[in-house]
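**Student:** Take a look at this one; I'll ask things after.
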Amino acid sequence: MVSHSNGPKHMSPMEVSMEAGNASAAEWLDDDGRPRRTGTFWTASAHIITAVIGSGVLSLAWAIAQLGWVAGPAAMLLFAFVTYYTATLLAECYRTGDPETGKRNYTYMDAVRSNLGGAKVVFCGVIQYANLVGVAIGYTIASSISMQAIRRAGCFHKNGHAVPCKSSSNPYMILFGITQILFSQIPDFDQIWWLSIVAAVMSFTYSSIGLALGIAQTVSNGGFKGSLTGISIGADVTSTQKIWHSLQAFGDIAFAYSFSNILIEIQDTIRAPPPSESKVMQKATRLSVATTTIFYMLCGCMGYAAFGDNAPDNLLTGFGFYEPFWLLDVANVAIVVHLVGAYQVFCQPIFAFVERRAAAAWPDSAFISRELRVGPFALSLFRLTWRSAFVCVTTVVAMLLPFFGNVVGFLGAVSFWPLTVYFPVEMYIKQRRVPRGSTKWICLQTLSICCLLVSIAAAAGSIADVIDALKVYRPFSS
């Protein structure tokens, strides 16, 4: 007689070991089989603030000076709302289908491919990556200007304000490039969270110093400078220049908030639901845009109140202030440290795109796949070679074209509409099946058309600036 036992099945030690190993491995993987993401509301907020509050905050006094006390602050509030709203639409597109279990889109291009497809994917890729490369070059120039300003502040303090205190910015660009080669070996977005937090703290540091100096200058003046309509047409400013500068200022404010070109990549660092990544990202966006707007309004308005129509294009490097020189040095060091982190935040999507394509094309290549991990750094021959080459090229272009900041303004104007407004609106309409002709559809399309007009106007203003710069252009003349 055979007895049948209904008790628990006894597994061999080998089976137990394999099951335990699989369970342990699963704990470290997300639903897509990739290493578990660890990003939080706070790390996402730090990434956004690092990306958004660039040293451009210090040029907002100049932008308000072109538009005046009415249009300047109004434009800031308007575009803060536009950026926040379209960012919440884009955050909904991180997963296709269910917001918690749907297929992940790792990059902005992946989201466009999943929702829209066709030629729009190529258009998105060209605009996004051209903008990111432009930002990298622009940040190299901006960092060198701040390093130059540290040297000049000391020179002015020692020799007086009448001395030119000029120097080449090329050595400072090279120093910034060497630093970026080192930090570029950090393998991916998820592992630069600490650099983003440091950079975000630095952005608050120099913004606060700029604000404090603006308040002090306003008190010293005995009141607010400026006018309701901005710079007046007269001997120094023609009507044509007033129009171009107003368009450029309007555009500068519009894309001073822009971070949509890296939003999906930031969202891909957030840990798995619950809550869903889109909800965490929307909360992070709300905090970041609100924080940014407060700082933009304070720095821009107080800078304009302090200098009126003579507001410099950069409060801390344009030498609206000469003293206390040591405080200017602290602020400019903070700008440089912030730009080191911001450069990485904007370049990581480029690095990841090229490396994914290379891994797919040559999956068995040891040159591409073999890694040696040292702390936050993952060293591989391919990463070391390609990322170092990228940094070298952006540094050389920055040295060759010292007016490239104007070109970055043009790239920002051209990319503002498609990346910040058009694609988020179109993907949201497709994903949420918003009926054509409905009130919501009409409102979304109206928003898109209005922002297209802003992009065109800002691009026209930037082209005029580039043409002016080319008239006096000399290579490596910075």
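Yeah, the Cβs are placed from backbone N, Cα and C, and that goes for glycine too.
Pulled from TrEMBL, these are the listed features:
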type	residues	note
DOMAIN	37-467	domain 'Amino acid transporter transmembrane'
TRANSMEM	41-64	transmembrane segment
TRANSMEM	70-94	transmembrane segment
TRANSMEM	121-142	transmembrane segment
TRANSMEM	192-216	transmembrane segment
TRANSMEM	287-306	transmembrane segment
TRANSMEM	326-347	transmembrane segment
TRANSMEM	384-404	transmembrane segment
TRANSMEM	410-429	transmembrane segment
TRANSMEM	441-464	transmembrane segment
**Student:** Near the transmembrane segment (326-347), which residues from the same chain, at least 6 beyond its ends, have a CB less than 8 A from one of its CBs?
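**Tutor:** Counting only partners 6 or more residues beyond its ends, the transmembrane segment (326-347) has Cβ contacts under 8 Å with 47, 50-51, 53-55, 58, 132, 135-136, 139-140, 142-143, 146-147, 149-150, 153-154, 176, 179-180, 183-184, 186, 189, 192, 195-196, 198-200, 202-203, 205-206, 209-210, 213, 261-262, 316-317, 390.
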**Student:** Taking 41-64, 70-94, 441-464 as candidates, which has the most Cβ pairs under 8 Å with the transmembrane segment (121-142)?
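**Tutor:** Maximum Cβ contact count belongs to 41-64.
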**Student:** Between the transmembrane segment (70-94) and the stretches 384-404, 410-429, 441-464, work out which stretch tops the count of Cβ pairs under 8 Å.
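**Tutor:** By the under-8 Å Cβ criterion, the transmembrane segment (70-94) pairs most with 410-429.
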**Student:** Grab the same-chain neighbours of the transmembrane segment (441-464) for me: Cβ-Cβ under 8 Å, and only residues 6 or more beyond its ends, written as numbers and ranges.
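**Tutor:** Long-range Cβ neighbours of the transmembrane segment (441-464): 82, 85-86, 244-252, 254-255, 406-407, 409-410, 412-414, 416-417, 420-422, 425, 428-429, 434-435.
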